[in-house]
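These notes concern the structure reproduced below.
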Amino acid sequence: MTENPTTTAFNELQTRPLATILARNDWQNPAITSVNRLPSHTPLHGWRDADRARRGEPSDAVLSLDGEWQFSFFASPHQVPEVWLAADLSDARATPVPSNWQMEGYDTPIYTNVRYPIPVNPPFVPDDNPTGCYSRDIEVPQAWLETGRTRIIFGGVNSAFYLWCNGQWVGYSQDSRLPAEFDLTGVLHAGRNRLCVLVLRWSDGTYLEDQDMWRMSGIFRPVSLLHLPEQALADVRVHTELAPSLRHATLFSEVEVTPAACGLSVTLALWHGENEIASQTLPLGSAPIDERGNYAERVTLSLDVDNPLLWSAETPHLYRAVVTLLDADGMPLVSEAHDVGFRRVEINNGLLTLNGQPLLIRGVNRHEHHPEKGQAVDEAAMVQDILLMKQNNFNAVRCSHYPNQPRWYELCSRYGLYVVDEANIETHGMEPMSRLSDDPVWLGAYSERVTRMVKCNRNHPSIIIWSLGNESGNGATHTALYNWIKHQDPTRPVQYEGGGADTRATDIICPMYARVETDQLIPAVPKWSIKKWISMPGETRPLILCEYAHAMGNSLGNFADYWAAFRQYPRLQGGFIWDWADQAITRVEPDGSRWWAYGGDFGDTPNDRQFCMNGLVFPDRTPHPALFEAKHQQQFFQFRLVSENPLQIEVTSEYLFRESDNERLLWSIEVRGETRLSGELTLELGPQASRVLTLSDTGFSARAGDEEIWLHVRVEQPQATPWSPEGHLSAWAQWPLAAPLALPEPVAAGDAPQLEITDAEFVIRHGCQTWRVSRASGQLIQWSDDGVDQILTPLADQFIRAPIDNDIGVSEVERIDPNAWVERWKAAGLYNTEHRCLACDAQTTRDGVEIVAQHAYFVKGVADGPAILSRWRMVVDNQGALHCDIDIARSAALPPLPRVGVVCQLRGGEETASWLGLGPHENYPDRLSSACFSRWTLPLSELTTPYIFPGENGLRCNTRELNWNGWQAEGEFHFSLSPYGTRQLMETSHWHKLQPEAGIWLTIDGFHMGVGGDDSWTPSVHPEYLLTAREYRYRFTLRRRQG
């Protein structure tokens, strides 16, 4: 709770020595969350001009204190000398505010997910408690000293802090993610004023801030002074009500003035651009509340609005409400202004609705994190994230797991994103998680974090849901705070996942990582499949996954399954992917080279290594390939092939409110990646409308021998929007079309290849090509063309992959999960096999030379029979092509294989490769709905994905032809080309440490296991994407490039 001592008591404390103030030990007392901090309220700017307030121009009443402060660092608050309050210390260094001191060279950033970064002994924290001492000299305008009141506003300080001004103690605060304001009126004077802020890294609040993130400290959000007149607006709440017809609305503004005075009145004016829609002026004083009367300092104003433009993420129409306090003569004293969005959020008949329409949440979780600035995120970074989210078909964001800066909500309201605002509460590392949530000693601390969030942020139309916090179990505190919010703000639902995602403290079933079809029977809190959950007896609430599709590294497999379910079952209303961006930190070496660091790279303990990197984008916001899968599945236009002749498709708009007034549909028919027919038309669809479009009255006339015929459609925006550039691609689809039956064109017979047999090799020659197969190994050890070797290592079976994060799960050196795929592969010996050639024979046939080799793979040190058998049939034909037919048989004792394919190292050469298959981005068998079948060309550098923690990457599936360096591969296969071999990927901890090898590694897979992604700590690859068969067969052809 907030401690507000009597004036006499506090005046006595103000002048006490620093050591006396620190001896209060407020940071280890959950009953004290602040001292002398002002009550929470919606943001104030103190405009003296209502027009400037309406336009949102900078206020003369606000003085930013961002910039350089002097900073000294100590290992403990008790080491800070008293003299610091009067003058900077000799070791003080200029440090930017806002910033985290760990990003400025002090102390160590710590990344941990669940484990607390300190020994668990609430409310106590270690005596060794890193402490930052910030100081700055300021001058305030003389007019501010003569009249009115001046307060200082800290946007965010982690974890707790004390404030002094001119040597006098002003107050104390904790809760690192909400503003803290203090009145400085009595301590400011003319000339230089010295501000001193002592920030503690750890406090009892640390036990409530156990979020999965980097643990950093300091003044990391803006700091400013605000000057208000003696009679000022203390709080301004605005909210809207819509009639069921949506044609009539009322804007309410509940205003509080401090101090109350006779004769004051308040004006509420609503503006749309330069047009005033309506206004009202009322004297101060509320209607009677109870038998004891009314609030003299409050008034509620209301404006009726007909046919308002409604706010949604699709059509973010905003108005501006300006509230002005008038003196007894009707003269303006001060104004405040807020964006207003007319919208109604409800849960009706088991559906979350906005303006009467059921929402489909295309959401993502977002931490405030910047690779160079830590948790000090500026407006440019916020806008960058919002634009990328909108461009990739997201319509919602969850503030995981704490309130963001006020500017974030304003930007979401203006660009159009639905927001879940979440209280800064997580006790994931407690055992049980509910320990503090059910302890009345902590009730006040919990309560302030929830109630202050609501009071501060409730005016933002983008916020459609409140969240009580994250992963804190379920206690009586949650029920109490749920009821408080429902009483204070009945216009929004409340969600909370803790305690099983469906407790009485949530209006929405909001599980994390629940599967589509499979139950997870976790003790006490079973996690049902999402389809089952909504059908449980008596359950009528909507289900929205607060976290799903764990996007850690090479992930997001099975994502399409979620979206098929969302579209099939109305009460499955989407979810929030975990999460937006990799939380890595940029490190700069003395030579200027830069790389991205994760947990443990700073010597931080405890740490959870690379588990901070779960993003759809890299730290610099470059997309992961998984982002394209999310964009495609979430696209607002859905397509269906109706007929091939005439060529017709059906297009359905999933927009709820906007017409397709800026969309162009382009279509093409490709034959083996070459465009044969194309066209475009303007796409005109109303909200939620469908339309059949005829692309060609006569269909497509295929020629004899045509194959791989595909119809492609894409929707682009010809005009730029506030969030997208001209020509932005918003949706796409493709279908294979029927190919005519035809016999292949006969090929003139060429010269027969010649077979030479030596004691060691079978040597085959055809023209200027030579192939050598070792009789001992049964492997192709040389392929030369014009005397130039094409392969640097033998062409060999490959059954392993460099483990991806989803393969590793929670396994670490000190904590092994035997159920993780990588541990099962290790235990089965897949990474430690011994190859033996059982037989290798060659013969000349009518069509060429045939070599048949039998291979066996034994687990080293295991006396049992072979784990895997392979049979290769290699044929060099009279065209100089090498055909490889491969049969695989595996032991029933083996776990599912990561891959069934071949690998070799090729000589270097061309810088680009082209292929006919799925692309252009990386794709895997369970993550390929966004990839399109066509002919693609990319630089080799873009054929690998530089996941910060290296692993399997860069696969392109369903390939029919691959061309590189003068040769081509044909067949039906998946491939990758990489300068890094599997072993190096396995043995290297960071991408920047990889060293290009002598050539380029080629993998050709007949089969490849999925990557999974329902979560990253259980084996989440679905059965249909596991390689569990006992036998496999595939084939491919290698030849000199044709044409």
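Numbers here mean position along the shown chain, with the first residue as 1.
Positions of Cβ are set from backbone N, Cα and C atoms, glycine also.
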Would you identify which residue of ASN275, ASN614, ASN953, ASN958 Swiss-Prot lists as part of the substrate site it also attributes to ASN113, ASP212, GLU471, GLU547, TYR548, ALA549, HIS550, TRP1017? ASN614
Farthest-apart CA atoms of ASN113, ASP212, GLU471, GLU547, TYR548, ALA549, HIS550, ASN614, TRP1017, residues recorded for substrate, distance in Å: 18
Residues near HIS367 (site 'Transition state stabilizer') by Cβ (under 8 Å) yet at least 6 apart in sequence within the same chain, in sequence order, are GLN211, MET213, SER400, ASP579, TRP580, ALA581, GLN583
Around TYR548 (substrate binding site), how many other C-beta atoms are within 10 angstroms of its C-beta? 26
Between GLU547 (active site, nucleophile) and ASN113 (substrate binding site): CA-CA distance (Å): 15
I want to check the contact list for HIS550 (substrate binding site): same chain, sequence separation of six or more, C-beta distance under 8 angstroms. What comes out? TYR513, TRP578, ASN614, ASN806, GLY1013, ASP1014, ASP1015, SER1016
Cα distance (Å, whole number) from GLU471 (substrate binding site) to GLU547 (active site, nucleophile): 11
By a 10 Å Cβ neighbour count, the lowest-scoring of the recorded positions GLU471, GLU547 is GLU471
How do the residues of the region 'Disordered' (33-53) split into helix, strand and coil according to DSSP? 4 helix, 3 strand, 14 coil
HIS401 (site 'Transition state stabilizer'), Cβ-centred 10 Å count of other Cβ atoms over all protein chains shown, is 25
Rounded Cα distance, in Å, between TRP1017 (substrate binding site) and HIS401 (site 'Transition state stabilizer') is 20
